[in-house]
Amino acid sequence: MSLSSCLLPFSQSATAPSSSVCSCHLAASFSNFPVSSRDYSFSRSGSLVLNGGGSNLCRRFCGLKLWILKSLNRRQGNNRKHQPVNELTTHSKHTFLSDDERGFAEETRAEDLRPEENILGTDLNDGFHNVGDLPPVSKQLSDDLSDVRRRASLCIAVVGATGELARGKIFPALFALYYSGYLPEDVAIFGVSRKNLTDEDLRSIIASTLTCRVDHQENCGGKMDAFQSRTYYINGGYNNRDGMSRLAERMKQIEGESEANRIFYLSVPQEALVDVACTIGDNAQAPRGWTRIIVEKPFGFNSHSSHQLTKSLLSKFEEKQIYRIDHMLGRNLIENLTVLRFSNLVFEPLWNRTYIRNIQVIISESIAQTEKFSDGYGIIRDIVHSHILQTIALLAMEPPISLDGEDIRNEKVKVLRSIRKIDPRDVILGQYKSSSRDKNGVILNGVDPTYCAAALYIDNARWDGVPFLVRVGTGLIKHRVEIHVQFRHVPGNLYRENIGINIDLGTNELILRDEPDEAILVKINNKVPGLGLQLDASELNLLYKDRYKTEVPDSYEHLIHDVIDGDNHLFMRSDEVAAAWNILSPVLEEIDKHHTAPELYEFGGRGPVAAYYLWAKHGVPWADD
């Protein structure tokens, strides 16, 4: 009877003559193993060979292999997004199991094996009170299977822990992940800053900002207490090697000897970023496990400073360790772009210059300007460089070969490198009037824009001649974040006379709205009920709050989860950063060279009048405010 080979995850140093059938590599001596010596022998290569002593023996070893695979899947499931923890997938079965093993799996599919149960038929600890009393092989199996179940520990350090971003966004996002089970129970969270505080001081600061989402109310108080008990404070300056050494030492105390992973969130001013990163790189990287750092935008002030920043980071870390975060890329709208394009046949065949007339990306804020735009970076460096260009890249990229982060980033950078040099005349800058700024308590310097509109073109076969219109501003009439994809007119439209005077009413349009109410809208033409033939433009809408009765996770929660999971497709790679600066640097240099003054507009208005002329210049209808 021919039995399939069973490759168990062990090695063997002994050697013996070769036999046949079911070869299994083991790490320990089998002198005490509960089978007869005639049932096995050793090959010259050091492999254990199970002789044909009946199917029961191989079935027992195949069962052990199934149990180990199931345990591995149980261990790894916690780190997979949207996948049941205890499910052994069909893919895994067909990849790792032979025909006989699959047959055994069919017989035992309904049985839910407990983690402590030995598939050989008895508990590994049966009859033994201490692990040290176990026979050598059983003890070895117990140790190996214990390793399978053991999870790597995780330490997260927030540098700049007392800042507004950390208090208002980062710690609440970490708590939401902890509540949902996306952080291990024994996670250690460290706050690092220059202030002289204690662990209890940090916990008090954090407690004032933590809340439970509507769908996270069960045992909310208990979860908060547990989360705060896992937070610790380290006093250390931005380039304080002693402080980082103390942080690393305290991490080691918590991690013990097990595999340990570390994340460092650098919530620090741009001028301190390099010092902090280099100090971490020299003193606090994980000795066992991976280390990842999160860097906040903007990524430099211009091409030169961005290059120096990248060079400094890569001198201490590998590219795969660096996660350049833009919280606006954590919105559900951004993740939906690739889903809509590549999972719906109704869209992807039309996603090109033949059918699409223009694409508009709109970010309109009704509130006063934030401090970020008042520090000399301005709206172009802060929003257009990362969020807007990344959105365009995801909209325009070719289908990646897989959903792996590197494959997606490879396609995004191709789009960025294909964007035509921007004509300075196709860039409109605006700033809401000083009286409005004074009234709202925000003081800007004379040239920092609070509004930017621009026309971009992508020089490739898919998008040749299609304008991508961008408008970003604050202090405007309406708060909204939307993407408009306007399709071309129907050739030879039979109903042209029935649509009305404005021919643009007859064009189809896809609207992806993130705020104020997330929705997917499709504008279509339909007949008005009644006698005669009159057409109307209507909207098919998917309103998320009506369709999904759940609170959408915050963008920081989404992105930090991706960092833990190692998913980097929403984070900019260094070549993407450089390509984005190559697009914007010539425009910024022209603005600085000629001291271009932004056009003033009323606070709460529609923005600069020149933006309307820019839309008309490129033949694009203005999306209604």
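Note that Cβ sites are derived from N, Cα and C of the backbone, with glycine treated the same way.
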Matching residue for the D-glucose 6-phosphate site, where Swiss-Prot names Lys297, His327, Met328, Leu329, Gly330, Arg331, Glu365 - out of Asp282, Asp382: Asp382
NADP(+) 2 binding, same site as Arg471, Arg480, Arg606 - Swiss-Prot member from Arg420, Arg425, Arg513, Arg573: Arg513
Matching residue for the NADP(+) 1 site, where Swiss-Prot names Gly160, Ala161, Thr162, Gly163, Glu164, Leu165, Ala166, Arg167, Lys297 - out of Arg194, Arg288: Arg194
Extent of the NADP(+) 1 binding site in Å [max Cα distance among Gly160, Ala161, Thr162, Gly163, Glu164, Leu165, Ala166, Arg167, Arg194, Lys297]: 22
Between Cys220 (disulfide bond) and Arg606 (NADP(+) 2 binding site), the C-alpha gap once rounded to whole angstrom: 43
Listed binding-site residues among Gly160, Arg480, Arg513 whose Cα sits within 10 Å of Glu365 (D-glucose 6-phosphate binding site): Arg480
C-beta crowding around Thr162 (NADP(+) 1 binding site), within 10 angstroms: 18
Site extent for NADP(+) 2 (largest Cα pair distance over Arg471, Arg480, Arg513, Arg606, Å): 19
Rounded Cα separation (Å) that holds between Gly160 (NADP(+) 1 binding site) and Lys297 (D-glucose 6-phosphate binding site): 15
